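Chemist: Grabbed the feature section from Swiss-Prot, which reads as follows:
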type	residues	note
BINDING	166-173, 191-195, 212-215, 279-282, 308-310	GTP binding site
BINDING	173, 193	Mg(2+) binding site
DOMAIN	1-159	domain 'Obg'
DOMAIN	160-327	domain 'OBG-type G'
């Protein structure tokens, strides 16, 4: 299934039905009086967070959603039927923004959560509603009220316990495929991973969700490489596993490049719990490995873990370290532009794939 993390959608709730002008007509009843029914209420547009979804791809093929109009009132005091609601299913982690892409309307954080995005118009009153002691035979009724319409943006930020970050070709996809059943594309060239990948990892009987975030390069927050379109997914990760390629020119500089991009995008990202690991240790000589480890230790101000995603060396230790810190991390880090502070929401270029 293709991955899509942002979509623009048009919605319109149903118009209310019109009220009816009618009078009772029966044999031997000279003054039957008004009996026009009220119009039905228009259908709502409802958004629901559904289990089993991890992409907004459905909204590439259908961008317009219009709820049903309420039925018109009829004689004999018959009221119009209510219009059918439309329920739009989205993955957990989806945010709804106004057309300006900055005003946050709602943020879905749990399965089954529902939000009424547009309410249907109320039905109009029939002439029976207007009967009074001074107006025994009203000959007017109300039209139904129109529904609400607007353009909105759906933006998905994947929710994972841990996120893999690093430069392109740091071995993130190889690591994910080694520790989970996920099958990301793996090749010896930059930007092999074009979309975030999720995998469920089991370590010593403890399960957690690991996300492989496409590689970042210098200037990513300004649109370089794959840009900052995936940095938003990191906001929802409780812990970061930062992988550095031991075969790169300078492990310390590689570490600082990624940290700089995270900080430039949002200062909250650098405050997350981070585990630093030097990958591909099987591909370098012992002397070079020691140099790279020392460089990385000075840059990160912590001793990095050593591992090889290909041979599996050091992988169990990294997983145990992740399990240990995931338990300490906040259950849900506050994302930029959440409902408490929508003004901080940052514009984000759509993922078009």
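Here, residue 1 is simply the first one shown, and the rest follow in order.
Any Cβ shown, glycine's included, is placed from N, Cα and C.
Predicted, not measured: the structure shown is a model, and the values here were computed from it.
Show me how these features fit into the shown structure, please.
Modeler: Taking a C-beta cut-off of under 8 angstroms and a sequence separation of 6 or more, residue 308 (GTP binding site) has the following same-chain neighbours: 279, 280, 281, 282, 283, 314, 315.
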Chemist: At a 10 Å cut-off from the C-beta of residue 280 (GTP binding site), count the other C-beta atoms across all protein chains.
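Modeler: Its Cβ shell of radius 10 Å holds 24 other Cβ atoms.
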Chemist: Judged by the number of other CB atoms within 10 angstroms, which among 166, 214 is the least packed of the binding-site residues?
Modeler: 214
Chemist: Please give me the CB contact count at 10 A for residue 172 (GTP binding site), counting all chains in the structure.
Modeler: 31
Chemist: If I take every residue in the domain 'OBG-type G' (160-327) and average their pLDDT values, what number comes out?
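Modeler: Per the prediction, mean pLDDT sits at 79 for the domain 'OBG-type G' (160-327).
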Chemist: Find, for the listed binding-site residues 169, 173, the residue with the lowest Cβ contact count at a 10 Å cut-off, counting only other Cβ atoms.
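Modeler: Taking 169, 173 as the binding-site residues, the minimal 10 Å Cβ count falls on 169.
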Chemist: Can you tell me the CA-to-CA distance separating residue 214 (GTP binding site) and residue 173 (Mg(2+) binding site), as a whole number of Å?
Modeler: 9
